[in-house]
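Engineer: I'd like to ask some things about the structure below.
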Amino acid sequence: MKLLIRGGRIIDPAQAMDKVTDILVINGKVETVANNIEAREGMKEIDAEGLIVCPGLIDVHTHLREPGQEHKETVFTGAAAAAAGGYTAVCAMPNTDPVADNQTVVSFVKQRGINAQLSRVYPIAAITKGSQGQELTEVGDLVGAGAVALSDDGQPVMNAAVMRRALEYTKLFSLPIVSHAEDKTLSAGGVMHEGEVSTRLGLSGIPALAEEVAVMRDILLAEATGGQLHLAHISTVGAVNLVRQAKLRGANITAEAAPHHFSLTHQAVDGYHTDTKVNPPLRTEADVEAVIKGLSEGTLDVIATDHAPHSMEEKDVEFDLAPFGLVGLETALALVVSKLIRPGHLNWTQAVTLLSTNPARIFKLPGGTLTPGSEADITIINPDLERTVTKELFKSKGRNTPFDGWKLQGWAEYTIVSGKIIFQRNSKEG
Ligand SMILES: NC(=O)N[C@@H](CC(=O)O)C(=O)O
Ligand SMILES: [Zn+2]
Ligand SMILES: [Zn+2]
């Protein structure tokens, strides 16, 4: 199998490359990146003129809902959504039913991912049994079954002693601990950001402090243990500042932010649309600016979707009762291009670093570069293509997006895994 991608703008931050050239893929691996590669018989060719060619996007924070909640999403539909969004790999969060806290569920998710033959699926296993926050899981077994990180995402690990032991123990396996940083005693009962909008709408608030207290605790535990901490969905000014200060001290931590936290504020909740109900909640304008600054200066290392599909029936209830979460795989890239690159907050090298290079490095995954010999996981992006987000066209089963009807620029044209095209944009769908 040979694939020649011709004349694209290749952006590979891992080798400080940003140039218009060709790339040849043989047997699933990048063979060469060079000018004027000669086309040979039996080679498939892609004309990438005017397009961006970069290492495949990797989402380190996806909820796939299988096993147990297949009406919301399956590994197959989630991996198809990922492919359509330009992602060549996703890390699947363990808050399934049952929870991925044992080898059986972890290998099941991994195998489902292999069977789908779409984007790669890397399971994340639970930190504690049942994600109940009490008893640690068997890390060695979980790593053996294919877990690439541990997380109780959806729930914080409220017990600091448990988190301390988890950070200590996973050091042996060089495994990141992904923290859903939320102090439940501060967030309890809240359904949106605590501020002027929650007061006006009469909804109970989740204060920024609920995130910041937990972020600070986890940073202290990471510094004390030397464990590898990755902070999920950072959303407040204070949390960005805490991460920045910790990094200046040399702490072994990384952090991510989600597209909805740089694209929307709590004002979007006005109207009580439950597709704006997400945890952590949509915050203030100042928080959005801090997240954007954090991404542009490198305080935040990763853009991750926190793709959290729910069914229409579950979301079609009063705001207080709806589950938290929104889908993100099929809008993330266009939001990065439209909200960060076009306005000049990020350049393309920074965007690819946040979407591919850093995710691969932090979670120690294949891909993340187009250096010869590496996996041919490649995303080809049309930076100028403008489309209207149409949730009915999502490959995901989830329709819970606050971005439906938005006109956005910058969409994946091709998603390639191991040299195989797993997604190609249909020109009719635009
Ligand atoms: N983000 C969300 O609002 N929901 C996530 C859980 C989580 O990421 O905390 C979910 O699993 O639905
Ligand atoms: Zn979470
Ligand atoms: Zn999540």
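Glycine is treated like the rest: Cβ placed from N, Cα and C.
Heads up, TrEMBL stuff is auto-annotated, nobody curated it.
Per TrEMBL, the features are:
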- D306: active site (ACT_SITE)
- H61, H63, D153, D306: Zn(2+) 1 binding site (BINDING)
- H63, L64, R65, N95, N279, H310, F324, G325: substrate binding site (BINDING)
- D153, H180, H233: Zn(2+) 2 binding site (BINDING)
- 52-236: domain 'Dihydroorotase catalytic' (DOMAIN)
- 331-423: domain 'Amidohydrolase 3' (DOMAIN)
Engineer: List only the single closest residue to H310 (substrate binding site), chosen from the binding-site residues H61, H63, D153, H180 by CA-CA distance.
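Structural biologist: When the Cα distances are compared, H63 comes out closest.
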Engineer: Select the closest residue to H61 (Zn(2+) 1 binding site) from the following recorded positions, measuring between CA atoms: N95, N279, D306, F324, G325.
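Structural biologist: So, of the listed recorded positions, the one sitting closest to H61 (Zn(2+) 1 binding site) is D306.
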Engineer: Taking each of H180, H233, D306 in turn, which of these recorded positions have a Cα lying within 10 angstroms of the Cα of N95 (substrate binding site)?
Structural biologist: none
Engineer: For a Cβ distance below 6 Å to any atom of ligand 1, name the binding-site residues from H63, R65, N279 that qualify, or say none.
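Structural biologist: Near ligand 1, sequence order: H63, N279.
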Engineer: Quick one: of the recorded positions H63, R65, D306, F324, G325, which has its CA closest to the CA of H180 (Zn(2+) 2 binding site)?
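Structural biologist: Result: the closest of the recorded positions to H180 (Zn(2+) 2 binding site) is D306.
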Engineer: Which binding-site residues from the set R65, N95, D153, H180 come near ligand 2, judged by a Cβ under 6 Å from any of its atoms?
Structural biologist: D153, H180
Engineer: Check the recorded positions L64, D153, D306, H310 for any whose Cβ is under 6 angstroms from an atom of ligand 3, and report them in sequence order.
Structural biologist: D153, D306
Engineer: Near D306 (active site), meaning Cα within 10 Å, which of H63, H233, F324, G325 (binding-site residues)?
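Structural biologist: Close binding-site residues: H63, H233, G325.
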